[in-house]
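These features come from TrEMBL:
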| type | residues | note |
| --- | --- | --- |
| DOMAIN | 3-159 | domain '6-phosphogluconate dehydrogenase NADP-binding' |
| DOMAIN | 162-289 | domain '3-hydroxyisobutyrate dehydrogenase-like NAD-binding' |
| ACT_SITE | Lys168 | active site |
Amino acid sequence: MTKIAFIGLGNMGGPMAANLVKAGHAVTGFDLSEASRNAAAKSGVSVAGAISQAVRETECVITMLPAGSHVIYVWDELLGFVDPGTLIIDSSTIDVESARKVHGFAEKAGCPSLDAPVSGGTAGAAAGALTFMVGGSDGAFSRGKHLLEAMGKKIVHCGDAGAGQAAKICNNMILGVSMAAVCEAFVLAERLGLSHQALFDVASTSSGQCWSLTSYCPVPGPVPASPANNDYKPGFMASLMLKDLMLSQQAAAASGATTPMGAQAAQLYSLFEKLGHGTEDFSGLIRMLRGTEAVKSG
Ligand code: NAD
């Protein structure tokens, strides 16, 4: 049993903290939102009134927050209250620069730390089936691995500080580009009089095969569980896809990498969001692509 503080009990953090409780750990949580605190209390998390209370005398602190600025703010605060040696893990999806900055804060405070963003979405969080991409020292990784295993089914140590965020951003740039490509292929097929099922049957067993097609097909029918069959309810919100694509472009600019397809996907999702579709599933992009005028004028 490990004494854990969990900060950020939202759509992802709430079920992740619940899985740590189920695995037998003592979890104290804090969130700014009363609704999130109440939901966490129902799943056995002991809710604190402030970060300072939540993190005292714990062996590990996990944060699951919206963006880099929140993580910097919260780590700066919590490191003033933890004992040296406490393991600090951030599982939010944030920019590599902020991730490396907070690793630096932790090092100064004498605390080992990990960046450990996830893929698998809210369904994966609820099922304890997330994939964790982890950056940090070997020592920090071996201390944190069993805790991540209580929330996920695949844990990959990607390298030193920031490597987990780098892996997450690269993976999600592939996802954004591949979904846009699959949507375009279905739109072209429609114009050519080819049925959705025929394109799916060919491409899913040919060189066009990819996750966006076979697990998340953007048209209803071929993959019954994909959000296209549920009026594009998320799933994975388009605004989160845009967030990750913007992080990839920020990282590309900072590192001098050339990513024209990632840049194009970011532009498409930015237009999709501006047209009011940010809360839809990201595969709903196909509906914008069918309305070619919106894309041409974007
Ligand atoms: P969310 O908005 O549901 O949860 C974030 C929580 O952080 C909120 O409850 C908010 O009140 C809390 N918070 C913000 N500032 C705080 C502070 N100073 N102190 C305490 N609590 C604070 O977001 P989410 O969907 O749970 O996503 C969390 C992170 O996981 C994001 O970085 C997101 O990009 C990433 N992510 C999300 C998904 C997904 O499908 N939702 C999938 C993979 C990764």
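Backbone N, Cα and C define each Cβ position, glycine as well.
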Tally the residues of the domain '3-hydroxyisobutyrate dehydrogenase-like NAD-binding' (162-289) by DSSP class, grouping H, G and I as helix, E and B as strand, and everything else as coil.
89 helix, 2 strand, 37 coil
Below 8 Å Cβ to Cβ and six or more residues apart, same chain only. Which residues does that give for Lys168 (active site)?
Thr93, Pro117, Val118, Ser119, Met133, Asp244
Taking only the residues in the domain '3-hydroxyisobutyrate dehydrogenase-like NAD-binding' (162-289), give me the average pLDDT of this model.
97
